[in-house]
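Chemist: One structure, pasted below without further comment.
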């Protein structure tokens, strides 16, 4: 007897238990019977949560596998390790054989007390491609004196000892290239760089260090002075030792030479407790390298990355059992949330016997104290560099778990140079001018502390000045890290401070405030008014506002959007000239004249935003009047723009034209304007396309020709009503209606939503209705449905990102210069640019035309079109499509662009570009690596680079 439906449901819901079997018995599991209602019931909330978790875990698992592969790529091979071991052994033997050498004075040359490996190589965190092996050479105790820390005596003896080693090694055939450099750009800490004669794949860096414990750590307290003013200036002073200014940076540079072995012992002990420590450090180093934060003065290098992981492990913020993936994630999460400029951290085991963190904060901008409790490992780091590090970590955490973003490439494979990361970039050239800046800012104490390096002495004050002046206009202020100077031959004199490359600064703008021309200050009777006037100088003036308030204010030049975009430049040049004696000619605002490429011909410099706004306003007004027309047989259901000017992306938008009718005669039959003899021809006016959708009705015919006749009748009717009710000049045609309004020509096309379907229908020889897609129907759908939808969506994107239209127009100028305009249509170009704003990872959305253009070139030159679709997630409606894309890749266009309304066909690139043009385009877009240094190195006000830029 068959069970009833109720019994079947009860059986299916009953749990199935496997009986415990004997060891030699085979367990047989019976399939669970499910009723039809259970089989097809919707998932519960808990099941949906589990599905989402599974999807997230898959994304994370894929990221883990990619990271494991990357770790194998950056790890040193066994062959390379053997080469390093052999060469370091050779160098060690040579150094130990240095002979005694007496010189005039108390200094003499003697063999090192010991030669030890330090740094990342013995720790196991040394990675490719930049392989540096550190070797610590201990200076014999009899060469030094305990009071050598005063007045740079120790650094000078250290340099002499290193020069003696270099002279001895230069005679050995076992040493290849040999050159000098400075550790982290500090001229008081020279190092010797050695490479083997048969390879340049790695470098041995020789450090000269004092014997451990030779100097008392208490002598290097951040509030103590070790450089006397009288010695530094050569002038007699009445200052006592107790009134001398502290020299915390000098103290840190000397103390840093005492502790490398202790640091290695500490890190080795921590690493032995965590099996993934070395891999976690390697991933963090790759992440830092891609963001250009691991090299130069005040960088966050591999040593600090190791110490950060050690801090997180020793404070139990992360577990010893975590994987490299988890170590990287937790490290970035900590960096994103911990502000070491306010709340420093310390690895000291006994903080009571070491200086408190408050004293470190009074001397340094960023505080991270080493295990000894005496050394601030971030002594040279500026607050701006740490804020940049925080920002980068925060951005990385935002897209880490986003399945629509290729997290691996964004995190670890995409370089982020300043010129492609910051919205505005400017450089300080002729760094020798900073000498006068130090004098004007009265930075004698800072110059003593930095041993005469006027660039490092002035930089924190310049950053503070710019931060104060730019205020809420910028989200982030960054600066380049001075590279470590190198001398190719040991006999050549060290380069001067002024020989450094220009100091670059980057601004990440707040779009809603950056272009404001008014800087409103405090009320005139406020105590802060004097500070405001002191900051802005003669630019500050009293102004009365509409709310009757009388306050200090600064008004910057800016009539057009082109000028307003450069208000930050006006602020920068004014403040540097007023407070630091840096003339405007020394401030190179990179890309400030990029706007010239898309300027329109007008009295006020403009890049077209104002003209585009006039077009959109005229369109909005005409659209409202179309909606309110009375006397139409059918109501209007939608009015949509279908022209690039209505989304602010046309290179040269139509400019309102005022006709001089005295130049024309009217032709009698058609009433058209004909130029008079001897008068110029009329200016060409670009028509602005509008789509006017009429409501559906049973009165619409089902014949394609009849529909066209009805549409033509609507064009005539619309023209008559617009003339009658609004006195517009109209010219109806079978395919459209031209309307003259506010000096612009609008081309209205009536559309019927079923017409594309009618075009697909035909009757075959047997009298059967056949529906078949064809190019005519596709073209009509594109013109009346897809283009208007794209225009309205991109118009919304422009409202959210004000520079979107300018980037599109700059891109189209470049495409036109490369003769690609016929193959990469305006719609395709706009979608490519839109992807930069909708999915900017690992960057933030572009905030200037320049940075958007550079990212576009990088997209063309680096995107893997063969294996990936370019997802333009308009309105955030698109889900994963990669599997469908790969399944039908051979039949899809070369350049596949997916949008929410076009997931499978890529209608925008269906016909072009071709494979050949695509390859050529990639080659042409390789001008991107040339353009970046071109902009960085050669752009200056008044130069000819503006003309050269147009070649791109």
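Yeah, the Cβs are placed from backbone N, Cα and C, and that goes for glycine too.
TrEMBL does not curate its annotations; it predicts them automatically.
Copied straight from TrEMBL:
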- 1-13: compositional bias 'Acidic residues' (COMPBIAS)
- 1-28: region 'Disordered' (REGION)
- 133-272: domain 'Nrap protein' (DOMAIN)
- 276-414: domain 'Nrap protein' (DOMAIN)
- 420-580: domain 'Nrap protein' (DOMAIN)
- 595-799: domain 'Nrap protein' (DOMAIN)
- 801-916: domain 'Nrap protein' (DOMAIN)
Chemist: Please work out the mean pLDDT for the residues of the domain 'Nrap protein' (420-580).
Modeler: 91
Chemist: Work out, from DSSP, the number of helix, strand and coil residues along the domain 'Nrap protein' (276-414).
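Modeler: The composition, in the requested order, is 76 helix, 5 strand, 58 coil.
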Chemist: Could you give me the DSSP helix, strand and coil counts for the domain 'Nrap protein' (801-916)?
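Modeler: Per DSSP, the residues of the domain 'Nrap protein' (801-916) fall into 58 helix, 6 strand, 52 coil.
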Chemist: What are the helix, strand and coil residue counts for the domain 'Nrap protein' (133-272) according to DSSP?
Modeler: 63 helix, 24 strand, 53 coil
